[in-house]
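Notes for the one structure printed next.
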Amino acid sequence: MNTNTPESPGGAQAPAPLSDATRAALAPAGQAPHSPGATHIRSFVHRRGHITQGQREALEQLLGKWSIPYADRRLDLAAAFGRAAPTVLEIGFGMGETTQQIAQARPGDNFLGVEVFNAGVGAMLRRIEDNGLENVRIIQHDAVEVVRDMIAPGSLAGVHVYFPDPWPKKRHHKRRLIQPPFVALLASRIAPGGYLHCATDWQEYAAQMLEVLSAEPLLRNTVADYAPRPDYRPQTKFETRGLRLGHGVWDLIFKRIV
Ligand SMILES: C[S@@+](CC[C@H](N)C(=O)[O-])C[C@H]1O[C@@H](n2cnc3c(N)ncnc32)[C@H](O)[C@@H]1O
């Protein structure tokens, strides 16, 4: 959402008031260390995409209730969710149908969804409100900065990265999310024993994921190479599209070992 940051992707929205819980989650946190080279190549581009009236209204009315603004300081996860529970970060939830299904199937876990796309955030807000998804919160901001600045080391039970933009052209590969520096950062935020679950329908990106995740010293593959799709992951919207185009699907599930 980022009602208060100039770099908010996806166009302007009216600032919504922050809930008390959001204020509590942000206020006591210590300053996150500034990373020196703060600029990085974004894994997304700002596009003025279509947004429905319902999604726009959800953004206007529900952002302050269910989302947390990006801030350059550590987030107190227990305060943000109103309870201490294992917290799973999802990067790029799209329209949120998968997030909703997983959150409903796993009520004991908290789900922090990070997305930059206005229509998707509006749709997810609507899902949270209409289905009483008390265990979901949203941050509308670049996930790289959220992970770097807001997530404390060793604090996540898991991370879901489902069908990240494949950036198929070679000159765009630098925009891919799953690359060694970001994977090292992500791994540092996962608690020992926690997991990183990626999925893609792009074979050559799957091979890159396997290489990068296997090379990260904090992570170990749970299987040899690619994992079968676990029961908790429903078929996502992008996956359905990929399957329709005749693509395969590759899941990778790694655990943090120390
Ligand atoms: C290809 S879509 C997949 C959506 C959904 N996971 C699915 O499988 O249907 C990738 C999503 O990631 C989001 N995204 C890309 N880079 C991001 C970033 N750095 N931070 C947050 N979201 C990002 C995009 O806006 C897009 O909605």
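From the backbone N, Cα and C atoms, a Cβ is placed for every residue, glycine too.
Values in this document were obtained by computation on a predicted structure and should not be read as measured data.
All protein chains included, D142 (S-adenosyl-L-methionine binding site) registers 20 other Cβ atoms within 10 Å of its own Cβ. DSSP classifies D142 (S-adenosyl-L-methionine binding site) as coil under the three-state reduction. What TrEMBL lists as S-adenosyl-L-methionine binding site is E90, E115, D142, D165.
According to TrEMBL, the substrate binding site annotation covers K169, D201, T236, K237, F238, E239. Taken residue by residue with DSSP, T236 (substrate binding site) is part of neither helix nor strand, so it is coil.
In the vicinity of ligand 1, defined as a Cβ distance under 6 Å, the following of the binding-site residues E90, E115, D142, K237 are placed: E115, D142, K237. In this structure, the CA atom of E115 (S-adenosyl-L-methionine binding site) is 15 Å away from the CA atom of K237 (substrate binding site). Cα to Cα, D201 (substrate binding site) and D165 (S-adenosyl-L-methionine binding site) are separated by 10 Å.
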